[in-house]
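Beneath this line is the structure, given in structure tokens, with notes to follow.
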Amino acid sequence: MTKYAPNGTNGTNGTHGAPKLTHPLGPLSGDEIIQSARIIKSVWPGANEFHYKVITLHEPAKTESIPYLAAERAGEATPSIDRRAFVVYSFRGTHNLHEAIANLTTNKIERNVKLGPFTHANADGEELVAVEKFLLAHPDVQAEIAKLKLPTGTELVIDPWIYGSDGVKDKDGKFYDDKRVMQCFLYMRDPHNSGEADSCHYAFPLPISPVVDPAMLELIRIDILPMGLDEKVEPVAPWKPTPPSEYIPEAQPALRTDLKPLHVVQPEGASFTVEPFSELGQLIKWQKWDFKVGFNQREGMVLYDVHYDNRPLFYRLSLSDMAIPYADPRHPYHRKQAFDLGDAGAGIMANNLELGCDCLGSIYYVSGVLPGGDGQPVAMPNVICVHEQDAGILWKHTNYRTNRAVVVRNRELVLQTILTVSNYEYILSFVFNTAGDVVYEARATGILSTSPVDVDLTQAPHPFGTIVHPGVLGAFHQHFFSLRIDPMVGGHGNTVVFDEAVPLPRDPKLNPHGVGYTVQKTELTSSGGYDLDASRNRTFKIINPTTRNPVNNSPVGYKLMIPPMQPILADPDSFHFKRAEFADRSVYVTRFAEGELYAGGLYTNQSRGGTGVRSWAARRDSLAEGNPVVWVQFGINHVPRLEDFPVMPVETLRVMLRPVNFFERNPAIDVPPSRQEENCSVGLNGVEGKVTRLTLGGEEGKLSGCCASHGGV
């Protein structure tokens with residue numbers, strides 16, 4: 001983490017001493033984080049052992065924000081809206097968890113309550129470090145480790161995991177998950193290279209799993225992990241040597257030498273502009289698009305007030321939640337289920353993105369500020385990168401009569417953030433193009449969360465995972481993402497419908513040859529959960545029935561292009577299913593309600609279910625008022641491959657929001673065609689363009705014309 005510098009520059013871009021701007025939707029500034037903590041302390045005179053788990057913007061009511069944004073866009077005077085912070089905190093050395101709302105405008109507490117025993121806060125980095133240090137020094141843990149008879153000098157690593165839920169008390173009745181605990185998994189570095197801090201410890205999982213109380217720093221028990229094909233547990237035995245499996249480049253026998261440089265060059269600079277709309281919020285304008293970008297502790301990147309050509313599309317867009325339920329039914333793996341946003345936070349886990357590595361080309365970096373456990377601000381440099389990219393052809397037509405081809409390339413604007421969640425990485429992006437499309441893209445990479453298996457079983461099929469290395473099991477698991485869409489397509493007052501293509505019955509007059517089909521529309525009149533149906537081409541759309549297209553009188557709309565997913569496989573009576581309230585349906589639609597931002601509920605750590613989107617949808621609220629929220633679920637069933645280890649090549653998922661009858665014609669018709677004079681492509685086999693010729697003979701690789709000034713290929 002980086003120390004926060006008030007009124008300074010915490011990222012690549014920015015101006016020292018820039019004037020402070022305030023806005024109802026702007027992220028909390030460092031000074032506001034300090035003020036929030038100070039307000040909390042003021043109601044507890046004499047107390048000084050606070051542990052702040054969350055200090056984030058408490059967004060104003062939508063009924064307040066809408067007129068504010070309208071006045072702002074019209075250049076009129078904006079109404080006054082108080083700034084508020086949502087705060088979750090505890091007292092160190094206790095399990096007492098409190099939730100508060102601090103009014104930063106009046107400097108007063110508006111809400112301050114103690115939460116119940118089954119409501120648990122998120123984990124944080126400070127806590128994880130403390131737990132690892134505590135356990136590695138604990139004599140009971142050391143005693144179990146000693147039974148492994150590891151080589152002298154072996155370095156151990158601990159991954160603390162959220163405990164999960166199963167509703168089961170210990171046999172002695174001394175433990176129940178009414179208290180927040182962590183299940184910890186032990187690994188070691190390559191014992192022959194233990195000084196390498198970046199050694200892939202996931203290649204050496206150990207069968208010892210302590211359970212710890214992170215608030216009290218107390219060891220509750222030590223679980224011994226099953227290493228066979230069933231849940232049978234054997235006493236800890238001496239470790240059997242296995243080889244390492246490293247991902248760092250210097251550990252490879254050789255790296256490829258035949259990849260030549262690939263430069264992304266914009267000689268005239270980027271086509272987008274960025275300006276602050278608040279101290280930490282950014283207003284981005286690009287190719288008729290304009291929107292506000294925020295960044296917070298839980299969701300990470302959030303978009304507000306999205307417009308195209310000054311026409312309203314989306315009030316708020318964010319990744320609402322993630323759930324990763326594991327499929328190994330053996331104790332203690334049966335509880336293994338991560339909610340990476342609710343259990344930790346996308347903002348907390350965001351990478352400091354590096355120029356030329358995570359993003360290529362002409363990059364603008366957006367930085368953030370989040371709270372530390374002491375209530376002081378912590379700078380989060382370069383958590384979002386903004387850049388343009390070529391994405392192939394957007395549209396093309398060749399008139400075969402004249403042989404003239406008109407080609408327009410698909411330019412995209414990408415806003416990307418990358419999360420490191422212990423072993424996994426998620427690359428998350430909002431992508432905009434010149435045809436009015438918005439894409440949310442999730443790419444998964446990183447390292448499998450591994451578990452030990454008897455080396456003698458390496459070549460035996462395992463019922464609950466894939467053997468990815470001698471003595472290493474990569475368990476079957478699912479990844480679920482929930483994208484929250486708060487729409488204002490063509491203005492507020494939207495409706496959600498789905499279209500289905502259905503065959504017409506054979507009819508002597510209407511369909512005598514049996515080839516006809518039509519499209520049927522179904523309007524969703526109440527909240528609920530819905531599935532895709534490829535056999536009927538079921539397509540969900542957000543429409544505005546009061547705003548009509550002047551060409552065909554259809555309501556303007558945006559359709560949702562959602563990748564199919566296998567719903568959660570856990571039994572409906574399981575805690576996996578109950579907790580992952582968004583993992584069973586591809587689409588949920590609810591009526592907007594303040595505070596309902598997270599599909600898995602506000603508190604996911606050791607949650608029991610009943611507080612998320614499935615429960616909200618079950619109210620069957622009427623959608624007649626035209627204020628729906630659409631929750632789009634997508635995901636993968638990850639059956640690990642050998643090729644996923646020691647690090648996994650990215651797997652990509654994309655949800656597209658695409659205009660339907662929103663424009664009067666192709667909105668990208670005015671994008672200039674692709675021209676060799678500008679793109680400076682190079683022919684490698686003698687093909688000539690208007691500017692450049694490059695052959696494999698002679699001065700190979702030498703550029704001419706405009707490209708020579710662009711720095712090469």
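Glycine too: its Cβ is placed from the backbone N, Cα and C atoms.
Curation plays no part in TrEMBL annotations; they are all automatic predictions.
Annotated in TrEMBL:
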- 1-23: region 'Disordered' (REGION)
- 23-111: domain 'Copper amine oxidase N2-terminal' (DOMAIN)
- 262-669: domain 'Copper amine oxidase catalytic' (DOMAIN)
- ASP340: active site, proton acceptor (ACT_SITE)
- TYR424: 2',4',5'-topaquinone (MOD_RES)
- TYR424: active site, schiff-base intermediate with substrate (ACT_SITE)
Query raised in the report: Expressed to the nearest Å, what is the distance separating TYR424 (2',4',5'-topaquinone) and ASP340 (active site, proton acceptor) at their Cα atoms?
Result: 10
**Report entry** Packing count at TYR424 (2',4',5'-topaquinone) (other Cβ atoms within 10 Å of its Cβ)
**Finding:** 19
Report task. Grab the pLDDT values for the domain 'Copper amine oxidase N2-terminal' (23-111) and give me their mean, rounded. Result -> 96
Report summary line: Note: in the chain of ASP340 (active site, proton acceptor), residues six or more apart in sequence with C-beta under 8 angstroms of its C-beta are MET322, ILE324, ALA346, MET349, LEU419, VAL421, TYR424, TYR426
Requested in this report: Using DSSP, tally how many residues of the domain 'Copper amine oxidase N2-terminal' (23-111) sit in helix, strand and coil.
Outcome: 26 helix, 27 strand, 36 coil
